[in-house]
Each structure stands twice: as structure tokens, then as C-alpha cells.
Amino acid sequence: MLRQRRLAIPLAALTAVGMLASDLYLPALPSMQAQLRASMTAGQGTMAIFMLSLALSQFAWGWLADRYGDLRAILAGTVLLAVGSVLCGLAPDMASLLIGRLIQGLGAGAATVAVPALIRRRFSEADSVGAMALVATVESTVPAIGPVLGAAIVLHLDWRVSFYLIAALAVGLLPLVSRIVGRTAPSSGIAKPLAGTQPAWMTWGFVRHALSYATMFGALLMYVASAPHLVTAWIGTGVGGFAVLQLCGVGAFMVAAACGAKLAARFGVERAMLTGAGLQMLAAAMMVAQASAGLRSLALLIAAWTVFCAGLGLRGPSLMSRALSLAVSNPGKAAGVVMTAAFGMTALATMAVAPFLAGGLLPVAFGVAILVLLSILLVPDAFRLHSKPHAAKRT
């Protein structure tokens with residue numbers, strides 16, 4: 001486990017900066033829209049275009065890494081991330097900002113492809129799952145922590161600083177990237193499936209679990225992208241209220257994730273997933289009830305979000321672990337597929353809700369409810385309780 005952490009933690013840092021770029025700026029979104037004279041839909045588009053380019057870039061970076069090596073691919077991606085961040089910081093209008101966000105997303109995609117493959121080459125099949133679970137935790141928690149840091153920035157500095165910070169972090173990571181990735185064997189020797197054939201691990205069971213995780217992840221980031229408007233415009237509090245909302249969510253996730261690991265070990269993964277799913281549906285119901293009653297209360301909003309994030313902490317790691325266990329022959333590529341689906345779902349969900357944000361919490365609440373329900377319905381068999389931890393079936 002110690003050896004896993006020594007490699008996984010530095011590699012997780014590669015994805016952390018890219019994930020931080022996804023939503024660090026969100027607390028400044030209302031003021032940014034006003035300064036650039038942009039519509040609310042265009043503002044939400046800054047999140048959607050990042051996630052969409054991040055999702056689509058997975059395929060290109062995979063090919064580039066196979067052809068030119070992981071080190072060159074990740075270095076190129078890190079440079080692109082830095083360049084895109086600078087362009088965002090210098091953007092004179094929304095069109096320029098969207099171009100910068102597109103480049104940011106393309107650059108951030110390199111690490112999300114290469115890191116699982118690197119871990120898979122350095123560890124056995126069993127050990128690699130644990131290391132990738134650590135990376136997956138970073139990918140899930142950083143988007144939640146980012147807006148908290150962003151709120152602190154916007155309270156004291158200009159919104160452009162958040163983009164310059166991402167550029168500085170990306171450039172600062174270049175030496176670490178060279179040192180860690182440079183010690184790893186080149187990827188050219190990895191066996192590839194024959195063209196036109198489906199990988200053996202791409203089973204219907206894996207696809208269902210991957211889509212289940214993606215819809216849950218999409219609900220998370222769609223809400224995070226919409227929350228600045230809900231807090232500042234619908235409820236009418238300052239950006240500090242958004243920071244409190246995120247802090248409560250992050251805290252609930254961390255506590256629940258720790259409890260979820262113990263719950264899964266003692267009672268099985270199904271128990272953790274079932275409890276988490278129940279909490280997320282409860283949170284969605286709380287949001288719908290608050291919106292329907294017209295209660296513009298930050299306290300109620302925080303309560304529902306805290307319950308949702310607690311459910312995510314119980315359910316998220318278990319669901320990712322189950323998906324990877326169904327693709328035990330190639331967990332690296334499987335993790336890439338899961339995150340590609342998650343980023344794509346986030347882009348679709350964010351843009352689907354954006355035109356209705358003027359209506360306040362109700363469209364967001366319904367969006368969360370639909371995505372969580374779909375996530376549960378995709379894997380109904382995952383919630384069958386057993387007396388012992390479940391052995392995943394590859395069907």
C-alpha cells in the first residue's frame with residue numbers, strides 16, 4: 001500500500017491541476033459574465049466546453065501516448081493546459097474565454113489518459129485497482145474543493161487570477177512530470193486489441209457501471225456549475241455563501257468516504273452503494289421540495305447538498321471499484337472510459353440545465369433527481385444485499 005501511494009500520489013497531482021481548472025473560477029462566474037457582458041447560458045458554456053473537450057481529447061491522447069510515449073504526451077498536455085489558462089486570463093470577451101477553455105480541456109485530458117496506464121504497468125492487476133482508486137478519489141474531490149479556493153480568490157482578487165494560478169501550477173508540475181513519468185517503461189510494448197474487435201473487458205456489465213458512475217458524476221458537477229447562480233442570484237447572498245456550501249459538501253464527502261470503506265469491508269460493497277444511493281435520492285427530494293415551496297434559504301440548500309455529498313462519499317468509490325473489477329484485464333483503459341463518460345455527461349447535463357437557470361433551483365433539482373435515478377436504474381443488481389462482500393460478475 002505504501003508503494004502504491006508513493007507513485008499514485010504524485011501521479012494524482014497531474015490530474016488534480018486539470019480537475020482544478022474545471023471549476024476553480026466558478027465562484028466568479030456572475031461577475032465574469034457581467035464584466036464580459038455575456039449571457040447566463042454562455043457563462044455555463046464555459047464549464048460545458050471544458051468538459052466536452054476533455055472528454056473528446058481522451059481518444060487523441062491515447063493514440064499520441066501509444067505512438068510517442070507517455071512522457072511526451074503528458075508534457076504536451078501540460079503545456080496546452082498552461083497556454084489555455086493564460087488565454088482565459090487575458091480574454092477580452094466571452095468568445096475568447098471559450099476558446100481558452102477549449103484548449104484547457106484538451107490539455108487536461110492528457111493526464112487522465114496516461115496516469116491509469118502508468119499505474120497499470122507499475123503494479124499487478126490487484127494492486128493497480130487500489131492505486132487507481134486513490135487517483136479516482138482525487139478526480140472526484142478536487143472539483144468539489146476547487147470552488148472553495150475560487151471563492152477565496154474572488155473575495156480578494158480579480159477573477160482572472162484563478163486562471164493564472166492554474167497556468168503557474170501546470171508549469172510548476174513539468175519537472176515532476178519528467179521525473180515520475182521518465183522512470184516508467186515506454187508504452188509502445190503494451191498489447192493492443194485487433195482493429196475492429198471489442199476489448200474482452202468491454203462487457204455490458206462494465207458499460208452499465210461506467211454509465212452509472214458517469215450520470216452520478218454529471219449530477220455532481222452540473223450542480224456545482226449551477227450553484228454560484230443559485231447562491232448569488234436566486235437566494236441573494238454573497239459568494240461567501242457558495243464557499244460555505246462547498247465546504248460542507250467536501251466535509252460530508254470525506255467523512256462518508258472514510259465510513260464507506262469500513263462499511264463496504266464489513267457488510268459488502270452493495271450495502272455502501274445502497275446507503276449512498278438512498279442518501280442521494282433523499283437529497284434530490286429535499287431540493288425539489290425546497291424549490292417547489294419557493295424557500296430561498298441557504299441553510300436548506302446546504303442541508304440538501306451535504307446529504308448528496310455524503311451519499312457520493314458512500315457510493316462513488318464503491319461504484320468505481322465495481323466498474324474496474326468488471327474490467328480486471330485492463331483497468332487502465334477501463335478507468336479512461338469511465339472518466340470520458342463522466343466528463344461527457346457533465347457537459348451535456350450542464351448545458352441542458354443552463355437555459356432554465358433563471359427559474360432558480362427547480363430545474364437544477366429535477367436534473368439532479370433524474371441523473372441520480374438513472375444512475376441507480378442502470379445497475380439494479382448492484383443493490384442486492386449479500387451476507388459477504390460481493391464478487392463482481394463479468395457479464
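Counting begins at 1 with the first residue displayed.
Heads up, the Cβ atoms here are built off N, Cα and C, so glycines get one too.
Here is what TrEMBL says about this protein:
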- 1-383: domain 'Major facilitator superfamily (MFS) profile' (DOMAIN)
- 45-64: transmembrane segment (TRANSMEM)
- 71-92: transmembrane segment (TRANSMEM)
- 98-119: transmembrane segment (TRANSMEM)
- 131-155: transmembrane segment (TRANSMEM)
- 161-181: transmembrane segment (TRANSMEM)
- 201-225: transmembrane segment (TRANSMEM)
- 231-260: transmembrane segment (TRANSMEM)
- 295-314: transmembrane segment (TRANSMEM)
- 335-358: transmembrane segment (TRANSMEM)
- 364-383: transmembrane segment (TRANSMEM)
CB contact flag for the transmembrane segment (295-314) and the transmembrane segment (231-260), at least three pairs under 8 A: yes
Proximity verdict for the transmembrane segment (71-92) and the transmembrane segment (201-225), three or more C-beta pairs under 8 Å: no
Positions whose Cβ lies under 8 angstroms from the transmembrane segment (98-119), at least six residues beyond its ends: 7-8, 11-12, 14-15, 17-19, 21-22, 42, 45-46, 49-58, 60-62, 65, 70, 73-74, 76-91, 128, 131-132, 135, 139, 163, 166, 170, 181, 184, 187, 190, 331-333, 335-336, 339
Arithmetic mean of per-residue pLDDT over the domain 'Major facilitator superfamily (MFS) profile' (1-383): 83
